[in-house]
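Engineer: Let me give you the structure first, and then I'll get to my questions.
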Amino acid sequence: MSADMEGIKGTMLVLCLIGLSKANNSPSIDGVVYNVCEDTPIGASVFTIKATDAENDPLTFSLTKPNDEYFAVESSSGKVSVRRTLDREASNVMELGVIVSDISTETPGILTIILLEANDNRPIFQSSPYDIEISENTAVGTSLFRALATDADTSSGAVIQYSIDEVTPSSGSSLFRIVPTTGEVQLAGPLNYTALSTFYRLKINATDGGGRCHYDTINYFSSIAFSFITVVDVPDLDPRFIGVPYVGSVEENSPVDTNVLTVTALDQDTGVNDKIIYSIEDSTAAGLFKISETDGAISVMSDIDREAIGDTVALTVKQLNRASKLHPPGSTGS
Ligand SMILES: *[C@@H]1O[C@H](CO)[C@@H](O)[C@H](O)[C@H]1NC(C)=O
Ligand SMILES: *[C@@H]1O[C@H](CO)[C@@H](O)[C@H](O)[C@H]1NC(C)=O
């Protein structure tokens, strides 16, 4: 048994001698995980590949697939630099193929590159511009729309603050406000189609929370969106008769349909709200006169008997879509 052992030992010794004289150990790659800021500019170096060789031979470094298009390596030192813009939003971990060689052997390896977040995206408004129509009687505090912006960064680089930087005309500055954290635009003061502007332009700013990685200073990104707000008239003003009081006269024996006088009212609202319908609301002698619904022309409706009704008739005239009574009566005499 001991003779056998010695025989084996002898064989091993021979192999060992060959190894010492001829064999060369391959270099080994010692570090395989590296952190890299995603905002590292092209050309800047990011890390040095850690590798050793048992014989202390000089090592040379080269890159290979995958992702060798993103980095360059200095062949004698293993110093890696950025060759193409990196983007963490595409993927936050990337692999990098590397080959480390000594005089006669080479060791392939895959490095893992962890991309660190920088603020490198600007906020983007969704569905801008924000064009809306609102009626002039919209209640103060009403939510008008949400100017939502999104940011592809994570952490503080994606936290967006909103502001209204400008209102045109500037008289509207107090009429609109934005919730800084949500971008919700609200009505902050009363509109008035007749007395104030009927059109406003808001300049809305979304600024991200900033961030830094490769650089020492924090950088922020902002975007601008516009909102065009059109104020729509609502019928909130009473029509008014012009040229009051109305006085007309008519012969007592005038035939039916004889014109007496025409009254005219104007709606102070503009746009579609100025349709006025005329009617006789009251008369001291009912049934004697009629009025044209559309043009306010008052005419004789039935035979006038002055002995029965006296010298004057008072008419109260109104417009129909509003129930307000008008200026006192025109009167007719014969
Ligand atoms: C708008 O302004 C006019 C004139 O100042 C005023 O008479 C009217 O009541 C106002 N309308 C509203 C809805 O405040
Ligand atoms: C948006 O607002 C921020 C903070 O006030 C400001 O620094 C930035 O210049 C504004 N952006 C634009 C495009 O005006």
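Placed from the backbone N, Cα and C atoms, the Cβ positions cover glycine too.
This is the feature table in TrEMBL:
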| type | residues | note |
| --- | --- | --- |
| SIGNAL | 1-23 | signal peptide |
| DOMAIN | 36-125 | domain 'Cadherin' |
| DOMAIN | 126-241 | domain 'Cadherin' |
| DOMAIN | 242-329 | domain 'Cadherin' |
Engineer: Looking only at the domain 'Cadherin' (36-125), what is the mean pLDDT?
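Structural biologist: That region's mean pLDDT is 95.
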Engineer: Using DSSP, what is the helix/strand/coil residue split across the domain 'Cadherin' (126-241)?
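Structural biologist: For that range the per-state counts are 7 helix, 51 strand, 58 coil.
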Engineer: Summarise the domain 'Cadherin' (242-329) by DSSP state, stating how many residues are helix, strand and coil.
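Structural biologist: Its residues divide into 7 helix, 32 strand, 49 coil.
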Engineer: Just give the helix, strand and coil counts over the domain 'Cadherin' (36-125), going by DSSP.
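Structural biologist: Reading the DSSP string over the domain 'Cadherin' (36-125) gives 0 helix, 42 strand, 48 coil.
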